[in-house]
């Protein structure tokens, strides 16, 4: 039991952090790039603000509600596989015992211990089913609140991230000036975000900072060139 | 060995499908919603096309390059944990043997078999390390090509998905007409996409189809209302 808690803790933090990272990374990048792109072919900031806020609304719903439904689908998938394993240990007990034995052998269990361990595991149907779920299929039960939390975390992170590059366009009618301020503020925000993300995920923070800035900068540059080329 | 191949196969398909799903879902939804939003406050389709293409460029780079860096980070994380486990079985062999025993006991292995199995597993350092990686930390080596494939799959799916709702705006200068055609075409595309996705992931296809349409329709409606409210 303490082992299970340990494993769950090990997985819990990355899920929340990953959700914030997903929302913030896209929220900082796409509205920034869209606003930069439009600045290249539109002369009033009002249009950039309209397009930017429409994008933030669309993006946060697509990502948040999308995240909610994806997490719910994961959970449904887990329970449909669980029901199938429950049927299989009743209908095909010998094949399922054989699968347990194969897994134990692969782990290097000495042949003389295999049958005893298979007997012990298959004696308790619930333990047997969860053994198959975890080690044959690699599935663990997704947390029930994850779908809703994931949705809110991703959506709000996207909105928060998206308002940073858009803010300068609220305060001036000059798209060129707004673009310069937006680029400076957003590249700094991407750098800080990438640095913090690197620390959380245990990778090199400085490398993470430059990588995140690269994605945002490249997206904005290409969006600018595309818009300038048509507009 | 066949067991390992089986597990890898089980994971392989969902990764590619998930990448296509991620790219298509957002590509169909966000450019559709942005174009719909702008149609509510802009009278020429040219501006919608500029903003839509800038968004597709930004979104595909953010998602594709973002996916590439995320997959690469997963791989780096795996190897840094692997190096740590390799150190630990040399520096703290007793504690690591204890952890193997705890895991085996949790699976329900009879007490008289535990020591024999621990001895067998810890005899081969590579097997021992991979046992700890998989069952203590829940980590498997990410495939080397996954980072690049993931990036391309997500990015191209986003571009492909994004051009569907935008296409009607290329062919008429009337934003209202383009919006109606775009909404009809995109809602049908979202329905088909949700249906096929449901079949692939083993959930109810009709439910998946309506859910996907709901996300796209809701995102477009909110984007339209936000843009109309400001514009």
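Glycine is treated like the rest: Cβ placed from N, Cα and C.
Positions annotated as transmembrane segment by TrEMBL: A:20-41 (among others). Below 8 angstroms of C-beta separation, residues 47-48, 51-52, 55-56, 59-60, 63-64, 67, 153-162, 164-166, 169, 175-176, 178-179, 182-183, 186, 189-190, 193, 197, 212, 215-216, 219-228, 230-231 of the same chain, each at least six residues beyond the ends of the transmembrane segment (A:20-41), sit close to that stretch.
Annotation comment: TrEMBL describes A:47-71 (among others) as transmembrane segment. Residues 19, 22-23, 26-27, 30-31, 34-35, 38-39, 142, 146-148, 150-156, 158-159, 162-163, 165-166, 169-170, 175, 178 of the same chain sit 6 or more residues outside the transmembrane segment (A:47-71) yet have a Cβ under 8 Å from a Cβ within it.
What TrEMBL lists as transmembrane segment is A:152-171 (among others).
Residues or ranges marked as transmembrane segment in TrEMBL: A:177-196 (among others). Counting residues 6+ beyond its ends, the transmembrane segment (A:177-196) has Cβ neighbours under 8 Å at 24-25, 28-29, 32, 35-36, 39, 45, 48, 161, 164-169, 171, 205-206, 208-213, 215-217, 220 in the same chain.
Counting only same-chain residues 6+ beyond the ends of the transmembrane segment (A:208-230), those with a CB under 8 A from a CB of the stretch are 25, 28-30, 32-34, 36-41, 183, 186-187, 190-195, 197-198, 201. Taken from TrEMBL, the feature transmembrane segment applies to A:208-230 (among others).
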